[in-house]
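Participant: Below you'll find the structure I mean.
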Amino acid sequence: MEKYSNQLLPRKHDDEGVYVSVFPYIDLFLDFNENIGSFSVYGLFRIGWYDDHITWNETEYDDITLLYFPVEEVWFPKMMMRNTIEKRTIFTSDDDLDLMTTYVEYDSHGKASVLAGGVIEAVCHASMYYFPFDSHVCAIELYFDSAGVYMRDYIYGDQTLTALSYYTPHAEWELTNVSSVPGPTGWPQLIVQLKLERKPLFVCVSLVLPVFLVSIVNIFVFFLPIESGERISLAMTLFLTFVVIITMVAENLPESSEVSIFILLLIIKVITSVLTTVMAIITISLYYRNNDTKTFSLLCTCAKKCRKQENSHEDQAMHFSTHSTVSAKTNWQNVVKKIDSFCIVVLVLEILSEIVAALIIFRNRWGV
């Protein structure tokens with residue numbers, strides 16, 4: 001080690017490159033912030049290479065198989081992060097204590113390895129289109145630095161690497177796979193991809209299910225007797241409920257031009273609730289309308305049909321003698337009943353169509 005220099009490449013010939021392998025190990029998934037587009041994990045990277053200057057014959061040195069050197073005394077590849085938020089380096093050697101306690105392991109053939117890592121926070125743009133059944137592919141982009149010295153000294157890691165051996169499950173997100181892919185051609189870069197899937201049970205129970213339950217209650221606005229005087233208040237309460245839900249969801253989703261399907265569903269629900277409130281007001285107004293009051297011809301036709309059905313079992317002579325009077329009068333209570341029935345059918349069809357549309361969308365989502 002007298003002539004060893006950690007500033008020189010660990011090769012006997014300068015024209016030879018140092019081939020570096022990188023193996024990631026993800027221990028904890030800490031957080032995924034959809035609003036700012038970032039994620040954080042606690043992970044380690046085992047970096048390996050061969051050092052031609054540190055080799056020995058085991059039989060000549062008491063069968064010693066491994067040696068450990070402080071990281072500041074030997075050559076090691078300086079690995080950096082391209083898409084980091086704060087620290088560019090993945091090494092925890094930020095002070096003298098870390099440098100003194102970090103060691104590089106060597107075997108007798110010159111194979112070297114060192115562990116580097118810690119809390120890693122990187123950029124990851126969220127796509128919330130399928131929220132709350134969304135999945136994301138985040139990446140840790142690694143490259144070798146130090147004024148271009150290590151740009152050629154690289155070999156790609158195992159493409160099928162899976163590093164979840166020591167992973168502790170997260171409450172909200174499921175880390176389904178960790179794999180490594182090469183960077184752009186000509187760059188000594190490794191991209192470690194992490195595939196995340198949201199655990200949707202909590203969101204479904206706390207948001208999706210209440211939305212559909214409130215939608216069902218929306219139908220019963222037209223079952224509520226007008227004489228109770230609560231039809232408008234119930235419709236307004238349901239409308240405000242949808243407004244509160246859409247506000248809560250919008251606050252937790254990123255401000256993006258890509259709108260979530262769930263947000264679109266809530267917007268439809270708000271529009272439906274507005275129309276329900278309007279129809280509740282109209283039906284109450286018609287219910288208490290004077291039978292002699294003139295109105296739209298369509299409503300008059302409907303009212304006359306209702307009146308005609310009521311008098312179908314009356315005496316024919318009486319019917320013809322009062323025909324002119326009946327034609328002039330309108331039974332608005334029966335008109336309201338017809339409108340209520342129509343609104344109930346429309347709301348039921350709306351809910352069924354939303355369920356069918358959701359099934360089609362998510363079938364395409366998972367390719368079932």
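Every residue gets a Cβ built from N, Cα and C, even glycine.
So TrEMBL lists the following for this protein:
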DOMAIN    1-200  domain 'Neurotransmitter-gated ion-channel ligand-binding'
DOMAIN    208-295  domain 'Neurotransmitter-gated ion-channel transmembrane'
TRANSMEM  201-226  transmembrane segment
TRANSMEM  232-250  transmembrane segment
TRANSMEM  262-288  transmembrane segment
TRANSMEM  339-362  transmembrane segment
Participant: Over the domain 'Neurotransmitter-gated ion-channel ligand-binding' (1-200), what is the model's average pLDDT?
Facilitator: 80
Participant: Within the same chain, where does the transmembrane segment (339-362) have neighbours whose Cβ lies under 8 angstroms from its own Cβ atoms, ignoring anything closer than 6 residues to its ends? I mean 6 or more beyond.
Facilitator: 130, 133, 212, 215-216, 218-219, 222-223, 261, 265, 268, 272, 276, 279, 282-283, 286
Participant: Can you break down the domain 'Neurotransmitter-gated ion-channel transmembrane' (208-295) into helix, strand and coil residue counts using DSSP?
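Facilitator: Counts, helix then strand then coil: 64 helix, 0 strand, 24 coil.
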